[in-house]
Amino acid sequence: LPLLLEVTLLQLASGSHHHYNGFYYNHIMNDKGNGQEKVVYFNEVKLVVETPKDPVYSSNGANVTLPCHYRYEPDLEAKHKIRIKWSKLRDDYTKEQDVLVAIGKTIVAFGDFRGRAHLRHPGRHEASLVISDVRLQDDGKYRCEVIDGLEDESNVVDLRLQGIVFPYQPPRGQYRLNFHEAKRACQDQGAILATFNQLFQAWSEGLDWCNAGWLADGTVQYPIRLPRKPCGGLHLAPGIRSYGPRHQHLHRFDAFCFSSGLRGEVFYLDHPARMTLEEAKQSCQDVGAEIARVGQLYSAWKFLGLDRCDAGWLADGSVRYPIVKPRANCGPEEPGVRSFGFPSKGRFGVFCYKER
């Protein structure tokens, strides 16, 4: 891009946009006579930005469109040079991440959205954002901002990934992870730290877990469906128990991870004599796959209906198996991913993952 245009785009991304938009206006002194100015619009044209009230759902690896349209009240036939800016918000709206800025036919995407974000068929009153190859961290709220000179209006779209939240603790035991270690642990399992909204959704779908875990915002919380004495007490109603923000280096808890749909398949391998962990890893490689991660097994159980009553190794050294239809000799009466922990010895089958 020419240097001048790039500087203009960066100024727009940072919120510096003061351009005349063709509306007729007049500067007049205010009644207090203190020299401050206000603007009166003679034609009383209003810019309106519209986005869907309901969340837009997608999954890992998919393409998604975040609808956004703008209009004028009353409608204008004259064409204006519109600036469009998309940004991603934190849950508390305190910070924004630049996603895309468009000036006319020139479009620039930023950061992780480079090469993945563009506008849908730019046309009259169209500002919808298309994100390709959706990633786990794309989940969240997005602001669609339309700038017409001095007129600047915006609205928000909520993008939610269809996924699953699962509790995770490392091989060395309970409450061993600070915030940064919890973040890495989830990434190692093909997942990310869950947000509060994702944990709340999981709780509403039945997740009940008495161990406290880190969330993406640095708070520590845990979901309780059945109140009991060791989990906050019998007197508290069901809900999300919160320890609030914790020291991200000093305090140690488990983690709540979030995983979405898979781009491949998880399958089970076995040998007559079963396998050690190292033999299991090699067996997956021998069939052109890799040993599955915990997040991949949870996703396969949740979204692909993987049901196997045979325990198998996973990449972190744990042994687990997924049950969709509970039955005798396959664990509890509820569906779920069963865990044997992290056995130092023993021979088992293995769950492998292969990209499509």
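Each Cβ is built from the backbone N, Cα and C atoms, and glycine gets one as well.
Just so you know, TrEMBL annotations are computer predictions that nobody has curated.
Within 10 Å of the Cβ of Cys231 (disulfide bond) there are 19 other Cβ atoms, across all protein chains. The disulfide bond feature in TrEMBL is assigned to Cys210-Cys231 (among others).
Taking Cβ-Cβ distances under 8 Å and a sequence separation of 6 or more, the neighbours of Cys309 (disulfide bond) in its chain are Tyr321, Ile323, Arg327, Asn329, Cys330. What TrEMBL lists as disulfide bond is Cys309-Cys330 (among others).
If you look up TrEMBL, you'll see 46-157 marked as domain 'Ig-like'. Helix, strand and coil residue tallies for the domain 'Ig-like' (46-157), in that order: 6 helix, 58 strand, 48 coil [DSSP].
According to TrEMBL, the feature domain 'Link' maps to 164-259 (among others).
Residues annotated as domain 'Link' in TrEMBL: 265-354 (among others).
Residues or ranges marked as signal peptide by TrEMBL: 1-15.
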The domain 'Link' (265-354): DSSP-derived helix, strand, coil residue counts: 20 helix, 26 strand, 44 coil
PLDDT averaged over every residue in the domain 'Link' (265-354): 96
Cβ contacts of Cys210 (disulfide bond) (under 8 Å, same chain, 6 or more positions away): Tyr222, Ile224, Arg228, Pro230, Cys231
